[in-house]
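The transmembrane segment annotation in TrEMBL covers 30-49, 329-354. Feature annotation from TrEMBL assigns ATP binding site to K68, V69, K70, T185, N286, F287, R288, K306. Annotated disulfide bond per TrEMBL: C112-C166, C130-C153, C136-C160, C213-C223, C257-C266, in sequence order. TrEMBL lists N183 with the feature N-linked glycosylation site. Sequence annotations record features per position, and here TrEMBL assigns region 'Disordered' to 376-406. Residues or ranges marked as compositional bias 'Polar residues' in TrEMBL: 381-406.
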Amino acid sequence: MTSALCGCMTSILTYETYKSVVVRSWPLGIVYRLVQLIIISYFVGYVFLYEKAYQVADTATESSVITKVKGFGKLNNAVMDVADYIYPPQGEGVFSIITKIIKTDNQFQGICSEVTHSEQFRHTEKEFNCSTNADCQQHLGSVQADGIITGACNTSAGYCEIEGWCPAEDDKVDIKPMPEFVNFTIYIKNSIRFPLFNVTRANFPSTKTVNNCTYDKNTDPFCPIFRVGYILDETQQNVTLLANQGGEIGINIEWRCNLDHDVKFCVPKYSFSKLDAPFQNAKGYNFRFAKYYKTENGTDYRRLHKAFAVRFDVMVTGTARKFSLIPTVINVIAAVTSIGMGTVLCDLILLHCLKGAQYYKEKKFEEVSEEQIHESLTPKPGSQLSIRRGNSSCNDSGAVSLSTNC
Ligand SMILES: *[C@@H]1O[C@H](CO)[C@@H](O)[C@H](O)[C@H]1NC(C)=O
């Protein structure tokens, strides 16, 4: 009874540790240390230093953009100021600078004939030539016309008749775009907040006087005033074509802040992109708007503008990072665990590829057969397995114990 209790206590109050096989092999040792070195340098160099895995990142930024354009240009001998060429006028992050306007004056509600459209905007179904009413019947419901197709043919003009704002717009006129727009300046006010760290930054220091600077990525990279021509050069635009057809330009403001450093190093980086580059056949950008008037006797009429414009999209992206304990601990543990990968690889080499693999295998894995167990239970002097097993009755760990007497 007491001996059974004693045995039980002994087996509970033991510490088990793993037995190691030391292999004195230079090549294997080199491979082992090399693998460890690679793993350590991966974690230290890439995971910690490059990817900064010890930091937590905030990408859910709150940002606002206000823009203001300045400059004067001449279109059809008329001086254009901001109110004439900026659309919409509120100074948003997305705005257009109109470079060319085709105006259609004195449009009244009524019935008139279609016109030919300029080459650039001609679709096959957009041509409304006719000689009989039947030619026009097929265009009923067309969305390409300038008004509702009535189905009748105006034989004297040779075009289908429409009901809508008349006369129909003729965009074949050749208008020289406003060339001065390359000298306009765009002032961008951008503020960004990283809610996780409660840090707010502006794209220029409040102490900086910004009235007479111009952005240049080399000489003045923090000036918030951009010359349109500079942006177009950066995106390698054909300025003449752009002024004629319109286009889309992206102004990217990128914030990458490492808040482990002083917050004054949290500054924006500007870059510019051609947003309509993926479109081969649908290049350009234009839109229409109208201004409405009343005649003396109360009839409405309007002036239609077809505006070709360069549209600017100011896009803000931001990431802020700062040291945090949890990712650090997790990644350190991952690193330490991964160092053990060296053992797996070396074991494979040791047990399968090296000369004498069979011998190593025998050293590493001790095989116990039932016969031997039987033998060990009835020990003979001089037996190979004479290591005494603890007189265990509830020992379930199966470990060979080097026990002292209780
Ligand atoms: C832009 O400004 C420069 C210098 O002020 C001037 O030489 C140039 O002619 C201007 N460009 C256009 C298209 O007006």
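Using the three backbone atoms N, Cα and C, a Cβ is placed for every residue, glycine included.
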Residue from K68, K70, N286, F287, R288 whose C-alpha is spatially nearest that of C257 (disulfide bond), among the binding-site residues:
K68
With N286 (ATP binding site) as the reference Cα, tell me which of the recorded positions C130, C153, N183, C223 is the closest one.
N183
Quick check: of the disulfide-bonded residues listed here (C112, C153, C223, C266), which one has the Cα closest to that of K68 (ATP binding site)?
C223
Distant-in-sequence neighbours of the transmembrane segment (30-49), which means Cβ under 8 A and at least six residues beyond its ends:
331, 334-335, 338-339, 341-343, 345-346, 349
Let me know the largest Cα to Cα distance in Å among the ATP-binding residues K68, V69, K70, T185, N286, F287, R288, K306, as an integer.
24
With V69 (ATP binding site) as the reference Cα, tell me which of the disulfide-bonded residues C112, C130, C160, C266 is the closest one.
C266
What is the nearest of the disulfide-bonded residues C112, C136, C223 to C153 (disulfide bond), using the Cα of each?
C136
Shortest C-alpha distance to C266 (disulfide bond) - which of the recorded positions C112, C213, F287, R288:
C213
Least buried by Cβ count (within 10 Å) of the binding-site residues K68, K306:
K68
